Amino acid sequence: MKLLEDRIKRDGTVLPGDVLKVDNFLNHQVDPQLMYEMGGEFKRLFENEGVTRILTVESSGIAPALMAGLKMNVPVVFARKHRSLTLTDNLYTARVYSYTKQVNNDISIDKRFIDPDDKILIIDDFLANGQAVEGMLEICKAAQVDVVGVGVVIEKRFQKGHQLVLDAGIHLEALASIASLANNQVTFASDTDK
Ligand code: G4P
Ligand code: NA
Ligand code: NA
């Protein structure tokens with residue numbers, strides 16, 4: 001998505017450890033207009049998949065997932081990372097390991113918000129090592145529900161998550177696909193294809 005690639009070129013910074021910082025439009029400050037456009041793009045990309053519900057993880061997945069849900073007219077559920085007072089026993093839970101933070105997080109969703117007949121679209125902000133997506137896939141498997149797609153705002157194609165989703169045979173779309181962050185430079189897959 002050209003609009004997003006241009007924004008990454010303009011506002012993204014590369015940090016040590018192959019991390020792309022995009023906190024002025026995605027991970028801290030959020031640009032609603034850009035999110036809205038991305039929602040429309042997710043709709044276009046997954047139009048033929050019969051999506052009935054969108055699943056994401058708090059917190060940075062919520063903004064793009066919400067706009068996709070708005071455009072596709074389906075509900076959005078976010079898995080929670082922290083146990084809430086009102087979130088009780090009736091949960092699907094998966095353990096997610098974060099390579100960047102080197103911690104395990106349990107993510108949970110209430111069983112009431114996933115239905116056996118659902119066709120789930122998983123949305124997230126970043127696809128890096130794919131641990132968050134894997135956790136959501138585990139939850140969907142426990143719920144015996146179909147996952148018809150994974151849509152991410154930015155994938156770092158050189159890390160494990162991209163292949164992990166493809167190996168699962170799932171329709172994967174990234175609005176921006178980064179081939180490399182070497183030498184503090186953002187190289188998009190679309191640049192290397194040329
Ligand atoms: P994974 O889910 O793909 O395995 O991600 P990983 O464990 O490698 O990264 C952990 C967190 O860091 C995730 O957010 C993930 O979205 C984010 N992340 C990974 N690579 C990048 C990057 O290059 N840039 C930025 N900005 N974030 C990255 P999280 O901890 O779940 O946090 P949040 O959703 O609350 O923001
Ligand atoms: Na995330
Ligand atoms: Na994040």
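Counting begins at 1 with the first residue displayed.
Cβ atoms here come from the backbone N, Cα and C positions, even for glycine.
These come from TrEMBL:
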{"type": "BINDING", "residues": "L20, N27, K156", "note": "xanthine binding site"}
{"type": "DOMAIN", "residues": "49-160", "note": "domain 'Phosphoribosyltransferase'"}
{"type": "BINDING", "residues": "A128, N129, G130, Q131, A132", "note": "5-phospho-alpha-D-ribose 1-diphosphate binding site"}
A128, N129, G130, Q131, A132 excluded, remaining Cβ within 8 Å of their centroid (5-phospho-alpha-D-ribose 1-diphosphate): V96, S98, Y99, F126, L127, V133, E134, Q159, K160, G161, L164
Residues in the domain 'Phosphoribosyltransferase' (49-160) grouped by DSSP into helix, strand and remaining coil: 28 helix, 46 strand, 38 coil
Cα-to-Cα gap, L20 (xanthine binding site) vs A128 (5-phospho-alpha-D-ribose 1-diphosphate binding site), nearest whole Å: 11
Non-site residues, in chain order, whose CB comes within 8 A of the mean position of the CB atoms of L20, N27, K156 at xanthine: G12, V19, K21, V22, D125, F126, A128, I154, I178
For N27 (xanthine binding site), nearby residues of its own chain (Cβ under 8 Å, 6 or more apart in sequence): K21, S60, D125
Integer mean pLDDT for the domain 'Phosphoribosyltransferase' (49-160): 94
Distance [Cα-Cα, Å, rounded] between A132 (5-phospho-alpha-D-ribose 1-diphosphate binding site) and K156 (xanthine binding site): 14
Residue with minimal Cβ packing [other Cβ atoms within 10 Å] among the binding-site residues L20, A128, A132: L20
N27 (xanthine binding site): secondary structure state under DSSP, collapsed to three categories: coil
Residue among binding-site residues N129, Q131 with least C-beta crowding, 10 angstrom cut-off: N129
